[in-house]
Amino acid sequence: MITIPITLRMLIAKYLCLLKPFWLRKNNKTSVLLIIIILAMILGVVKIQVWLNDWNNDFFNALSQKETDKLWQLVLWFPALLGIFVLISVNKTWLIKLLTIRWREWLTDYYLNRWFADKNYYFTQIYGEHKNTDNPDQRIAEDILLLISKTLSLSFGFIQSLSMLITFTVILWESAGTLSFTVGGTEWNIQGYMVYTVVLIVIGGTLFTHKVGKRIRPLNVEKQRSEATFRTNLVQHNKQAELIALSNAESLQRQELSDNFHTIKENWHRLMNRQRWLDYWQNIYSRSLSVLPYFLLLPQFISGQINLGGLMKSRQAFMLVSNNLSWFIYKYDELAELAAVIDRLYEFHQLTEQRPTNKPKNCQHAVQVADASIRTPDNKIILENLNFHVSPGKWLLLKGYSGAGKTTLLKTLSHCWPWFKGDISSPADSWYVSQTPLIKTGLLKEIICKALPLPVDDKSLSEVLHQVGLGKLAARIHDHDRWGDILSSGEKQRIALARLILRRPKWIFLDETTSHLEEQEAIRLLRLVREKLPTSGVIMVTHQPGVWNLADDICDISAVL
């Protein structure tokens with residue numbers, strides 16, 4: 001009984017887990033049909049290789065016999081064989097690419113849905129045993145493509161190699177004949193000796209390849225991680241360019257990037273040193289196999305058991321058998337890379353399966369907190385003895401010193417902080433406005449209106465921009481620019497309030513939303529919000545005393561600590 005090592009069993013289990021979502025889904029007939037067509041093309045390629053092998057035999061026999069007419073027939077027949085071979089091979093590659101993009105599109109959408117479901121993209125950073133998983137963006141952008149492309153190329157390559165192996169093993173057995181020799185007065189006849197020889201050589205070569213290259217897999221995992229970290233830090237540097245320049249922090253950032261690249265360099269050296277030994281062996285192995293069949297067939301040729309055509313046919317069959325039987329040796333690098341990708345993507349898969357079980361009750365008609373306490377992930381108390389009630393149209397101020405836990409309480413009410421005890425009810429679709437609004441690159445109108453439930457015409461948008469003090473931007477709503485870099489902190493907060501007025505949410509959580517504005521302007525804008533959204537319930541955090549008078553009620557966080 002064959003025993004599969006536990007590490008390999010675990011890898012296979014991870015692999016199947018990643019394959020099942022796409023291939024076991026309903027309405028997948030087109031992808032299955034593509035698989036069938038590609039497999040048929042693979043069999044067509046194998047058949048053409050058999051024809052070419054026969055052509056090789058006939059050509060060299062005609063050449064040795066100097067049969068001019070037959071040689072010309074074979075020369076004219078070769079372009080037809082080549083044309084059919086190229087036609088099938090090119091279209092097979094095209095269909096594999098089509099299947100790749102179909103699979104990638106579906107799987108990318110699948111993992112994006114898992115990542116964004118129930119705010120999972122946020123919880124993956126703070127929740128569970130995999131919270132420190134690096135670069136989830138790379139898992140979606142790169143690892144999915146690598147998984148699919150490697151799976152298809154290796155799978156179809158293996159099937160083609162297996163088909164070629166079976167076919168040409170039969171041909172090699174028949175064409176090479178029997179090796180006869182005498183040892184100690186005993187005559188030995190070994191039929192199919194070429195097949196036995198190539199099998200033994202490849203088995204030994206495969207075992208040696210695995211011994212030499214088994215360290216490549218963890219090095220590939222490290223390579224992907226270090227490259228992703230370097231790329232991410234470069235992106236962050238670009239985003240924070242202004243802050244770095246104002247802080248004169250260039251040398252610090254430069255050193256950090258140099259340290260990141262040093263990690264890449266160290267991994268590269270370890271990987272290339274390990275790869276060198278594998279390359280030594282693969283080159284020795286492949287070069288030796290290219291001439292070995294001549295030596296093995298020499299006794300048969302000298303004794304007249306096979307002619308020149310038979311020699312070339314058997315040699316080609318030997319090469320095809322050895323090459324396809326050596327599939328594992330030649331594909332070891334790709335298999336190691338695929339294994340590393342499986343590990344990384346499965347880790348991300350596990351990450352997106354984690355869900356916090358503790359959530360506030362979803363309540364649309366009020367925010368209710370009774371005998372509640374807010375805690376850290378390690379169960380330390382941040383706030384306790386919390387009790388308040390907010391009805392639609394009412395404003396509540398959360399008051400307390402910096403660091404008291406006001407923002408954490410707002411996160412809890414927004415269903416983004418699962419560490420609490422007690423009775424908390426709040427709407428799951430509330431609108432949270434932070435002191436640093438998300439402003440991306442793009443058309444200004446799209447940036448402001450993208451999340452709105454209904455379309456907004458230019459006139460309405462222009463009117464709201466004037467109301468929040470951004471009238472100068474009304475003429476630029478169709479401009480495409482890097483607004484996150486262009487707008488000041490105060491202008492970004494005005495944009496956030498414009499979004500709020502246009503969206504008209506029923507429940508609003510304001511977290512230092514006007515902190516970058518002068519107090520009188522903050523009062524004016526929040527009064528505008530209350531005027532435009534009279535039925536919306538609002539819970540706000542602010543350190544601007546003049547704004548406190550806008551609240552109907554105050555919950556002093558400091559008093560419950």
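Each Cβ is built from the backbone N, Cα and C atoms, and glycine gets one as well.
According to Swiss-Prot:
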TRANSMEM  4-24  transmembrane segment
TOPO_DOM  25-31  topological domain 'Periplasmic'
TRANSMEM  32-52  transmembrane segment
TOPO_DOM  53-70  topological domain 'Cytoplasmic'
TRANSMEM  71-91  transmembrane segment
TOPO_DOM  92-151  topological domain 'Periplasmic'
TRANSMEM  152-172  transmembrane segment
TOPO_DOM  173-187  topological domain 'Cytoplasmic'
TRANSMEM  188-208  transmembrane segment
TOPO_DOM  209-290  topological domain 'Periplasmic'
TRANSMEM  291-311  transmembrane segment
TOPO_DOM  312-561  topological domain 'Cytoplasmic'
DOMAIN    367-561  domain 'ABC transporter'
BINDING   GLY400, TYR401, SER402, GLY403, ALA404, GLY405, LYS406, THR407  ATP binding site
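Around GLY400 (ATP binding site), the same-chain residues six or more apart in sequence whose CB sits under 8 Å from its CB are LYS406, ASP556, ILE557, SER558, listed in sequence order. Within 8 Å of the centroid defined by the CB atoms of GLY400, TYR401, SER402, GLY403, ALA404, GLY405, LYS406, THR407, the record's ATP site, lie the Cβ atoms of ILE557, excluding the listed residues themselves.
Within the set of binding-site residues (SER402, THR407), the lowest number of other Cβ atoms found within 10 Å of a Cβ is recorded at SER402. All chains included, 19 other C-beta atoms sit within 10 angstroms of the C-beta of ALA404 (ATP binding site). Here the topological domain 'Periplasmic' (92-151) has, by DSSP, the following mix of helix, strand and coil residues: 51 helix, 0 strand, 9 coil. Pairs of Cβ atoms less than 8 Å apart link the transmembrane segment (152-172) most often to 32-52, out of 4-24, 32-52, 71-91, 188-208.
Long-range contacts of the topological domain 'Cytoplasmic' (53-70) within its own chain (CB-CB distance under 8 A, at least 6 residues past either end) are made by residues 77-78, 81, 168, 171, 175, 307-313, 316-317, 320. Each residue of the topological domain 'Periplasmic' (25-31) gets a DSSP state, and the totals for helix, strand and coil are 3 helix, 0 strand, 4 coil.
A Cβ distance under 8 Å defines the sequence-distant neighbours of the topological domain 'Periplasmic' (25-31), meaning residues of its chain 6+ beyond its ends; these are 99, 102-103, 106. Confidence across the topological domain 'Cytoplasmic' (312-561), taken as the mean pLDDT and rounded to a whole number, stands at 89. Each of the binding-site residues GLY403, GLY405 was scored by other CB atoms within 10 A of its CB, and the lowest score goes to GLY403. Around the Cβ of TYR401 (ATP binding site), the same chain contributes SER558, each under 8 angstroms and 6 or more positions distant in sequence.
Within the topological domain 'Periplasmic' (209-290), the DSSP-based counts of helix, strand and coil residues read 76 helix, 0 strand, 6 coil.
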